[in-house]
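Following: one structure in structure tokens, then a few remarks.
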Amino acid sequence: MIGRFVIPLISLVVVLSSITCSAQLSATFYDATCPNASTIIRNSIRRAISAERRMAASLIRLHFHDCFVQGCDASILLDETSTIQSEKTAGPNDNSVRGYNVIEAAKRDIESACPGIVSCADVLTLAARDASAAVGGPSWSVRLGRRDSTTANRNVANTDLPSPFSDLQGLIDAFDKKGLNARDMVALSGAHTLGQSQCFLFRERIYSNGTDIDAGFASTRRRGCPQSGGNSNLAPLDLVTPNSFDNNYFRNLVQRKGLLQSDQVLFTGSTASIVSQYSGNPATFAADFSAAMIKMSEIEPTLGQNGIIRRVCSAIN
């Protein structure tokens, strides 16, 4: 509309300033500039998960690890440079987080259709939603308009991402710091209905002979995770249906069959009743998971004139 009228320079500055200040996420953000963005990304993600079903878990986790460090700004995708300390080499991410190549492939597809329009942060946010839907999980409406960061923060990645060895209060505090409550935390932990974990992250638990772990489950897991060596050996986080999104993760916790310490502690204290509810009502879990993913995806988004649109997700333009 501005192009049809002659507007005094001062008025134009006021208009642009207003647009910048009022910039916000919107479900229709790309409708005019890249109307097929969601479809292009969905198709790319579906291809990746068809090739490797485990990738669904990896993409949801990648989004989570991005949002917990300076907001959902695709900072986790940046490679190391002389001026950037990459989050990829932070303790919780190094040789663990996967899916970078899948996001880059989706970004290439988007760049072919709409160069310089769709941020890597939005690609990653949509990818997590589409990954859930691709393996039988819920879908949800994603508000778009995030910009990409020009920095990463390895230190925050090392301090703010929850540990698999956390106790319940530690988990509650870590999520509260990001504006997520205990119910959000339990729902988001339900993403562990998918994916696998490395032996060194659950070894202590399965050899503990503790009262919070089923003896038969511990014995089964020991076969693939020796007391020494085999650190990278994998075991499914959900023993029953590791490649399908359902509520079996919570049923496992009720049976003391959570793989990680940070899984099993959810069935204690103030969150035990939430686990029980989700274990008996998959629809409630799916609805709460969707709501929590939306809430998480809107942690401190970079908007308006802040940030950039990266052409390649791993590097600054």
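Glycine is no exception: its Cβ is also placed from the backbone N, Cα and C atoms.
Any TrEMBL annotation is an automated prediction that lacks curation.
Between Cys313 and the candidates Cys120, Cys199, Cys225, TrEMBL annotates a single disulfide bond, the one to Cys120. Per TrEMBL, the disulphide partner of Cys34 among Cys114, Cys199, Cys225 is Cys114.
When the alpha carbons of Asp238 (Ca(2+) 2 binding site) and Asp73 (Ca(2+) 1 binding site) are compared, the span between them is 30 angstrom. Within 8 Å of the Cβ centroid of the Ca(2+) 1 site, not counting the listed residues Asp66, Val69, Gly71, Asp73, Ser75, Glu87, the chain contributes Cys67, Phe68, Gln70, Cys72, Ala74, Ile76, Ser149, Ala152, Asn153, Ala157. Between the candidate recorded positions, Arg61, His65, His192, the densest Cβ environment within 10 Å is the one around His192. Cβ proximity to the Ca(2+) 2 site centre (mean Cβ of Thr193, Asp238, Thr241, Asp246, cutoff 8 Å) flags the following additional same-chain residues: Leu194, Val240, Pro242, Ser244, Phe245, Asn247, Asn248, Tyr249. If you take the Cα of Thr241 (Ca(2+) 2 binding site) and the Cα of Pro162 (substrate binding site), they are about 24 angstrom apart, rounded to a whole number.
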